[in-house]
Amino acid sequence: MMNKSNFEFLKGVNDFTYAIACAAENNYPDDPNTTLIKMRMFGEATAKHLGLLLNIPPCENQHDLLRELGKIAFVDDNILSVFHKLRRIGNQAVHEYHNDLNDAQMCLRLGFRLAVWYYRLVTKDYDFPVPVFVLPERGENLYHQEVLTLKQQLEQQVREKAQTQAEVEAQQQKLVALNGYIAILEGKQQETEAQTQARLAALEAQLAEKNAELAKQTEQERKAYHKEITDQAIKRTLNLSEEESRFLIDAQLRKAGWQADSKTLRFSKGARPEPGVNKAIAEWPTGKDETGNQGFADYVLFVGLKPIAVVEAKRNNIDVPARLNESYRYSKCFDNGFLRETLLEHYSPDEVHEAVPEYETSWQDTSGKQRFKIPFCYSTNGREYRATMKTKSGIWYRDVRDTRNMSKALPEWHRPEELLEMLGSEPQKQNQWFADNPGMSELGLRYYQEDAVRAVEKAIVKGQQEILLAMATGTGKTRTAIAMMFRLIQSQRFKRILFLVDRRSLGEQALGAFEDTRINGDTFNSIFDIKGLTDKFPEDSTKIHVATVQSLVKRTLQSDEPMPVARYDCIVVDEAHRGYILDKEQTEGELQFRSQLDYVSAYRRILDHFDAVKIALTATPALHTVQIFGEPVYRYTYRTAVIDGFLIDQDPPIQIITRNAQEGVYLSKGEQVERISPQGEVINDTLEDDQDFEVADFNRGLVIPAFNRAVCNELTNYLDPTGSQKTLVFCVTNAHADMVVEELRAAFKKKYPQLEHDAIIKITGDADKDARKVQTMITRFNKERLPNIVVTVDLLTTGVDIPSICNIVFLRKVRSRILYEQMKGRATRLCPEVNKTSFKIFDCVDIYSTLESVDTMRPVVVRPKVELQTLVNEITDSETYKITEADGRSFAEHSHEQLVAKLQRIIGLATFNRDRSETIDKQVRRLDELCQDAAGVNFNGFASRLREKGPHWSAEVFNKLPGFIARLEKLKTDINNLNDAPIFLDIDDEVVSVKSLYGDYDTPQDFLEAFDSLVQRSPNAQPALQAVINRPRDLTRKGLVELQEWFDRQHFEESSLRKAWKETRNEDIAARLIGHIRRAAVGDALKPFEERVDHALTRIKGENDWSSEQLSWLDRLAQALKEKVVLDDDVFKTGNFHRRGGKAMLQRTFDDNLDTLLGKFSDYIWDELA
């Protein structure tokens, strides 16, 4: 029998948490609800005091405080799990009158473990033996005497007279605390408001007292205290028992809708399946295995009477997926006969037969020798899912019905209804639907969009879980996604699809496309009841849900409301190159001493949460995107789209060069300059060194208004802000964009006196604080006459479709090929309404000289910003010396190396800047003194000395330097503020050169000669090139695309050839690439391709007495040739040809002579008489 509190050891250490724990015990088992409420209070009080000890700033609520604790590397996952369990179940008790006795017992046990951990931490009694936990048996008021004692102390305090003001305040604090304790101990029901206030006041009083104690210590003493707390906390875990680990797993299962209690819901204690009840029954006996031994499944999950899953759950599961083998054994050895006999003792034969038929369903394993009896197998150790150590955490499961199904890690359990739905699905049958329904005519797709959808379907049928689709910007990725989702839902292969975007504007654009798209007369929205950005959770009937990453982070990662892992079974990721970043794998040392939140992107955590097939859409698949999703299952390139006539080509870039951009700007040491602070203030400065600025530095480190003015004046010769062709200008910063807007308005106002103010505006993320208003501005740019010229930084770099953009101006240096391609993609769309036949790029910052080539892209990795204090903590922690990294050095040595490098950079910057700023100089002098005292060198030699002496010596030095890191952080801030202020230079500038860029060639004549030379010396380089030169009728569309891409790689684009010919011969001839090849190879005259087609058509019409129907089709064929250049079977599968019956119908129209007719067209087009 329990004769004293399990939490007795807290008495005198933290009387407040002790009193709360006593009250929780006092109400067990008579009032589980109050026990749960008190244990929630216990968790809050413990966390709040822990936050105080660890210098965590005050948080608004317990959830935020725990998130901050989670960022501290030493706080073990299990500790956070216990805090969260106490909080969540306590919230249920407060708000829903949750009154579960088992939960109350679990919270007492877990709170006890937490109390032991806390006690060891704050008392430094690290070897404190864990007392035996005794569960309170009945509601004896064990604390009656304690309440009486407290009341006597209260009366005595009231009678005592305080003399000084300090004594008065101390007495008041004591009275508040005593009243709080009494209110807590006497509370048998939910607290009244007065009791709540007393509790909070008591807590605040005690924390204030603790804070006052800390404040009396010196800074060095406080630092030493915090260090010791941290050091020891790293070593301490909760050391949960098997039973307590099961408590956590039980809670996870209950969160997912299962009845779970490892103590009472056990087979040995009579727990049996029940109709209409979803149970996780522990220690269920299985049949004998191959060795003849009978086993016991840790859990069998029953939906009603039906066993649906088996679970291997062990505290010491290190590699969780490896223990799935145990779960497989449970499934293979599961004895359905025994289950039927057990159920027949309680239920009718009909009920039993329906749930467990005598003819049992089973599934063959990979060996072919054994069969699985239970379809879903799980393994877990109760540890929260961590992407950076996936195999040692989370809930691993596998659907064993198909040998091709792989095991997966999940952060939550499947819900019962989700498993039933999965069990009822028939993937093979649903996959067959795609083969049985290949037609997509009702979807109105282009041929390549159909090919893309088929490629995705083929990958799904093969069992691929991550799928990448690469389609050039402007080729209808959203339309393709709509068609793909339509068919995926129609096939019933997927029940609910998440369309995930990383910005609200992209989501609204997608929703608009869904509303505009009609299938068989109905809008896509109306067919599937699509839920949008404002819908928090989709209803069961919802088939498609559009959401931003940010909203799902709040709903999934920062909410107590559970997000089922099977809420979506397919996720379509739009613009996948943007937010979806490859996560950095942590080293052993980083795993132990640094927070995983630094390493895992929110995007990745969201996608990892759901048990779903992920389909990513992008125009520019970077290396990191491919590493995540695999190679694209289908590609449709920009060049192919141009050849197909679905996108327009670009003219050769127009380079605008000013005198300062060409010569650079050189400033000498000692020169007086003005800097502009972020607040717009002018700061006088003297240069300490020579500085040489190139055009890439313009409007970053150097602001020359005359440069922007000269460029804007030159643009007036090419752009018309009163017309319908629109322009997008990319700037460096928001401040730069503001300057450019004013310069453009001033320049164009001179040429167009009637220019309206809104013809030229800025649209950036901070153009308006309301995101909806920014979206409205983008919509105006797209659909209204004004604005005509928009200046931006990076808001419109990707995903926004505005077909009327005909000009792209780069006033910002871009080195990333992916970003450049995305920016350029804003202008590639067709827009005949504004007479758009090509688009122009204006390069004002020499962008092509430094643009990265595609094959030099490197993975984009989340590289956490490691703070100086973190590195210092790591070298002063003895445990970091015991962790060996891959190169054989300790984690402390790695941290020391990073620390020295960071210090060296700060020292270098400080030395350079100290004469420029009196504030910095003063700080460096103080640092000189501190370093001299602690390390025997001045600040300038500090990093070198640390490197020389090593991490142990460095750790001792930093222990002598309290507040040193704070000083360094202040110094860094002041240096950055000084250096970030760009130099303002009021000098003249003028445009000295405007020319079209032809790759490596200075003149269009050189460009054409190089093209001719390439053709003449490489006739065998491409099979299609041979066909063009020797037998054009053999050229296929596939060959034409490959040929076009081959010339593109040599930087001989068709549009550049046309422009170069025009500049050298003063003739604008649309001869197409084939015309230029034949001119260079066989000397054909350069004539417009359309003229050649018309000549061939006239000749063919004169050869026969064609019917009116045949003449109409001849005209259509000629028009198709003008657009496509080459006609082959694929052309007849799309558009008007397809709608009118395809190639078969044309064969009948031309008496089975269609191929001969097409051959004549090809011959006559290139006839020497043409």
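Glycine is treated like the rest: Cβ placed from N, Cα and C.
Per Swiss-Prot, the stretch carrying the note motif 'DEAH box' among 210-213, 574-577, 670-673 is 574-577. As annotated in Swiss-Prot, DNA-binding region covers the listed stretch 431-450 rather than the other ranges in 431-450, 771-790, 971-990. For the DNA-binding region (431-450), the list of distant contacts is 457-458, 460-461, 471, 475-476, 479-480, 483, 486-487, 490-493, 519-520, 636, 640-641, 644, 646, 1130, 1133-1134, 1138: same-chain residues at least six beyond its ends, Cβ to Cβ under 8 Å.
Sequence-distant neighbours of Lys477 (ATP binding site): residues of the same chain at least 6 apart with a C-beta under 8 Å from its C-beta are Leu469, Met471, Asp574, Leu617, Ala619. For Ala472 (ATP binding site), the same-chain residues that are 6 or more apart in sequence and have a Cβ closer than 8 Å to its Cβ are Ala619, Tyr636, Thr637, Tyr638, Thr640, Ala641, Leu647, Gly825, Thr828. According to DSSP, the secondary structure content of the DNA-binding region (431-450) in residues is 13 helix, 0 strand, 7 coil. Other than Ala472, Thr473, Gly474, Thr475, Gly476, Lys477, Thr478, the residues of this chain whose Cβ falls within 8 Å of the Cβ centroid of the ATP site are, in sequence order, Met471, Thr480, Ala619, Ala641.
The average pLDDT for the motif 'DEAH box' (574-577) in the predicted structure is 73. Fewest Cβ neighbours within 10 Å among the binding-site residues Thr473, Thr475, Thr478: that distinction goes to Thr478.
Gly474 (ATP binding site) is surrounded by 20 other CB atoms, counting those within 10 A of its CB over all protein chains shown.
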